[in-house]
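Asks: Here it is, the structure in full.
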Amino acid sequence: MPWIVTAGDDDFAAVAEKSSLFVLVDLWAPWCGPCRMVSPALEQVAKELAGRVKLVKVNVDAATKTSQRFTVQAVPTLLLLDRGRVIARQAGALPAPALREWVEQGIGASTSESGRSH
């Protein structure tokens, strides 16, 4: 599924920041219960918004530079990127409907600011 990928410190820029799509970044850890609970919801939203949003999953234990760069203090932390720029941030898990609404609000706000089409 090209709209769901995994990235680490070495390939985060190429996978997430250079994407022409909006990027939903899931900063997670394998020991984190809420991370495991939100993962199916994230994948569902990525499938529903395929072609508009790409989900990039980053294990913060393995990608410490990426984690530090985004000042991750809790997991899961979700970021929405537009051409590498953070346009929305969410600490903690959300159910799928709230997650989709959060992503669409971020896309809508960024689109109206930049004149970018969906």
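Cβ atoms here come from the backbone N, Cα and C positions, even for glycine.
Automatic prediction, not curation, is the source of TrEMBL annotations.
Positions annotated as domain 'Thioredoxin' by TrEMBL: 1-108. Annotated site 'Deprotonates C-terminal active site Cys' per TrEMBL: Asp26, in sequence order. Annotated active site, nucleophile per TrEMBL: Cys32, Cys35, in sequence order. The disulfide bond feature in TrEMBL is assigned to Cys32-Cys35. The feature site 'Contributes to redox potential value' is assigned by TrEMBL to Gly33, Pro34.
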Asks: Going along the chain, which residues six or more apart from Cys32 (active site, nucleophile) have their CB under 8 A from its CB?
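Replies: In sequence order, the residues whose Cβ lies under 8 Å from that of Cys32 (active site, nucleophile) (at least 6 apart) are Val75, Pro76.
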Asks: For Cys32 (active site, nucleophile), just give me the three-state DSSP call.
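Replies: DSSP assigns Cys32 (active site, nucleophile) to coil.
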Asks: In this predicted model, what is the average pLDDT of the domain 'Thioredoxin' (1-108)?
Replies: 94
Asks: Is it possible to get the count of other C-beta atoms within 10 angstroms of the C-beta of Cys35 (disulfide bond)?
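Replies: Excluding its own Cβ, Cys35 (disulfide bond) sees 21 Cβ atoms within 10 Å.
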Asks: Of Gly33, Pro34, which of the recorded sites has the most Cβ neighbours inside 10 Å?
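Replies: Counting Cβ neighbours within 10 Å, the top one is Pro34.
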Asks: Enumerate same-chain residues with a sequence separation of six or more from Asp26 (site 'Deprotonates C-terminal active site Cys') and a Cβ-Cβ distance below 8 A; give 'none' if the list is empty.
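Replies: Cys35, Val38, Ser39, Leu42, Leu55, Val56, Lys57, Val58, Pro76, Leu78 - these are the non-local Cβ neighbours of Asp26 (site 'Deprotonates C-terminal active site Cys'), listed in sequence order.
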